[in-house]
Amino acid sequence: MNEQDKMKAAAARKAIDYVPEGAIIGVGTGSTANFFIDELARIKDRIEGAVASSQATADRLKAIGIQVFDLNGVGELPVYVDGCDEINHYLHMIKGGGGALTREKIVATSSRQFICIADESKLVKRLGAFPLPVEVIPMARSLVARKLVKLGGHPEWRENFVTDNGNLILDVHDLAIDQPLEMEETINRMAGVVTCGLFARRRADVLLLGRSDGTVQTIE
């Protein structure tokens, strides 16, 4: 396991402390979330099950014997645990590098507490070095791309990739994201946009940050 993975794994272990006994919890998508799923395997008898933010996560949860629930069949979730691509000190994030941003945002919004787990490289002063994913309806791809150019970004179509919802992803490079909440709302209002990967309206409540010295820093 490389150093970055060790930091992710340490944060994932700490996140178990936030899982209520007997609960149905929300589980995210991606390499860091996978470390959390590995940790869940140790306590699977203590929880009722999980709501997954992607088909990949659902498959992984089922493989370790955790029951996966449809979000429509459960109420508010006590906690959602997921990673991020970038996070700032206000706990605003860029997410969706794995393409599951819409379902991640839905499950996060359905949860009382959002625990973000990350290695220290993900904490940044300003969001935007990581390209911002935007999920778009296929027929609106070019329209949305032109609007994103007017915002100062350089959108790139993620070719040969389709989301779990049957849509496309534009990865937007070089956006100046000084006001994440305003940028999120501006992009989400564009016709044809399902959602963008800015999580400012539904930011994290707690950041568990794996450090290179083996510790996990808690930021709230």
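Cβ atoms here come from the backbone N, Cα and C positions, even for glycine.
Quantities reported herein were computed from a predicted structural model and do not represent experimental measurements.
Per Swiss-Prot, the features are:
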- Thr29, Gly30, Ser31, Thr32, Asp82, Gly83, Cys84, Asp85, Lys95, Gly96, Gly97, Gly98, Lys122: substrate binding site (BINDING)
- Glu104: active site, proton acceptor (ACT_SITE)
* Measure from the CA atom of Glu104 (active site, proton acceptor) to the CA atom of Ser31 (substrate binding site) and give the result in Å, rounded to a whole number. => 14
* Within 8 Å of the centroid of the Cβ atoms of Thr29, Gly30, Ser31, Thr32, Asp82, Gly83, Cys84, Asp85, Lys95, Gly96, Gly97, Gly98, Lys122, which other residues of that chain place their own Cβ, given that this set defines the recorded substrate site? -> Gly28, Ala33, Glu104
* List which of the binding-site residues Thr29, Asp82, Lys95, Gly97, Lys122 have their Cα within 10 Å of the Cα of the residue listed as 'active site, proton acceptor', in sequence order. => Thr29, Asp82, Lys95
* Spatial neighbours, same chain, of Cys84 (substrate binding site) - Cβ under 8 Å, 6+ residues apart -> Thr32, Met93, Ile94, Lys95, Cys116, Ala118, Lys122, Phe199, Ala204
* Asked: Taking Lys95, Glu104, Lys122 as the recorded positions to compare, which has the smallest set of other Cβ atoms within 10 Å?
  -> Lys122
* Structure fact -> According to DSSP, Asp82 (substrate binding site) sits in strand
* Structure fact -> Lowest 10 Å Cβ neighbour count of the binding-site residues Thr29, Ser31 is held by Ser31
